[in-house]
Amino acid sequence: MASGYPSGGGGGGGGGDFYNTNTSNGGGSINNVQLHYRSQLAKRSIAESERQHHHQAFLRSVKQRSNNNNNSYYQTTTTSPISPQTPFEFSTMDPSSRYAQTQTHPLYQQLRNNSYSLNNIINHNNNNNNVSNQNPTFCYSQLVPKHGVFIESKVDPDKKLRNQLQELEKQLLDDTDEDGSNHDDVLSVFSNSEWCENLLVTPTQPQNQKQTPFSPSETSSSSSSSTSVASPSISSTKQSLIDIATAISEGNTETATVTLKTLKQFSNTRGDPQQRLTAYMVSALRSRINPVENPPPVNQLWSKDHIVGTQMLFKASPCFKLGFMAANLAILEATRETPNNIHVLDFEIGQGSQYSTLIHALGERQSGRPTFLKITPVIIDDSGNRDDLVRVDEWLQKIAARAGVTLKFNVVCAKLSELNRDSLCCDPDEALVVNFAFKLYKLADESVSTENPRDELLRLVKGLNPRVVTLVEQEMNCNTASFVARVAESSSYYLALLESLDLLDLIMNRDGVARMRIDECLGRKAANSVACEGKERLERCEVYGKWRARMGMAGLTPTPLNQNIADSLRARLSSEYGNNLGFTVKEDGGRISFGWMGRVLTVASAWC
């Protein structure tokens, strides 16, 4: 979906059920916590059925141990290379470390002095959320595990057919590269210095300086009553969420419900990023426990409010905006030999703003000859709104006229099985490119449907023989990962995204109403990823390692995005947002990653 200029729709308010409960709740049976979700899915592996009965007992037997830094972690055993559920582990970077770095940033200190709350930016009062005289024992251990719990499964060597099937399964489900290196960790929190190339080094917090946790209310302070309870640290909040998710997965919903009620007291949809994240995850976990009384967001992800909020997110976050720019640069590079006749197939055009910059670039590089650009938005199975595309067409036509580019805008609505070069109006003398920007993660794969439209579309695109296929996706392991792993991954990912947006809001004095709509959008995305299963779970992001496996299985090979493209994007980031904000741009292995404070948020790559 391309970034765009929002229009229409109204923003929602606060409250516990932030993602709107006025939706059809046909998912009660799917979300029944007494069922083992993975046993319902088509992607359940052969080996999983043999070990499923031993899984819970094994997890309970795991003990903690401490290292020199007093951080506990789980014991690690050998993982089965064919496990359909990605074994979950945590980054070697404690989220508290990123949190400590963030707090010492000068702009973040200013933000904290202003109560570090979005309501200060949008002039809302938040005086009714003081948490005092509460039982402080709700906080679980400060544990942030650095390694995962792996289940070893031995395969009978006599059953050769099953081994062959499992090897095929491994190609898609493992994150391991062909050379055997683990290129993408499960939670995709790339924290080492070789991977995360900061534009400018952000200051770190001195070791002897203690970090004071945020108060859950702007009226709370260090001078408050000694019985007042401050917000728990990021590590303890995340561990509490993981403990609740573990209880739910084991069927212990009573314990999970009690703990959720306590944790809810430290949540605030208009508070700091940690409080907002807690509010989103508490709502998601309540939906997971009782989807009838607390319906999770499913239909809302197709609503006008959510679509507009998503466009606002793409416009507000440099990690998303630069991803679209990387795709445009890859298109320009791939069409140099045929610069005057280009055809772009886009399966999620959104409001079309990605193409405003592409049209300007094409207009600047034309050398005497007129440039012809054809854009074909493809709507599969009536999943889009043609009326919105009429307005996109009119807007882009005006931009093209000013740039001296001849534009043809041709919308195609068809079933996936009906798409081919003829139905897509592909001419032999044009340079064909395909753009997948934040689209593929919403298509069901083999874990949802045996039809597997995600891979089917990739094979279809390969058959069109395009000059380049651009792929931009969130770096997030929330497709085939287990429920508990998705809770941990979503918590890490959306906390980093919320923190980065808060910092930019302070610097750029952005509209608080627009920011509320972005937050509501993020809350729905996180809740759908955590609370839903099967076809109801539309948020199915994958890490780059898995996309690489899918693209390779479809016959597509990488087209490296070189260092020049990364340098261009880095310069654009610096000119638009200034320096020393903690954002990262990194070229590695032909792909370009965009992140904040050590957490990769989006990845752009090119294929042919």
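Glycine too: its Cβ is placed from the backbone N, Cα and C atoms.
If you look up TrEMBL, you'll see 44-86 (among others) marked as region 'Disordered'.
Feature annotation from TrEMBL assigns compositional bias 'Low complexity' to 66-86.
TrEMBL lists 202-232 (among others) with the feature region 'Disordered'.
Long-range neighbours of the motif 'VHIID' (342-346) within the same chain, counting only residues 6 or more positions beyond its ends whose Cβ lies under 8 Å from a Cβ of the stretch, are 2, 331, 335, 355, 358, 362, 371-378, 424, 426-427, 430-435, 437, 461, 464, 466. If you look up TrEMBL, you'll see 342-346 marked as motif 'VHIID'.
Residues or ranges marked as region 'SAW' by TrEMBL: 531-608.
Confidence annotation: the motif 'VHIID' (342-346) carries a mean pLDDT of 98 in the model.
Helix, strand and coil counts from DSSP across the motif 'VHIID' (342-346) read 0 helix, 5 strand, 0 coil.
Remark: secondary structure over the region 'SAW' (531-608) totals 29 helix, 22 strand, 27 coil, with classes taken from DSSP.
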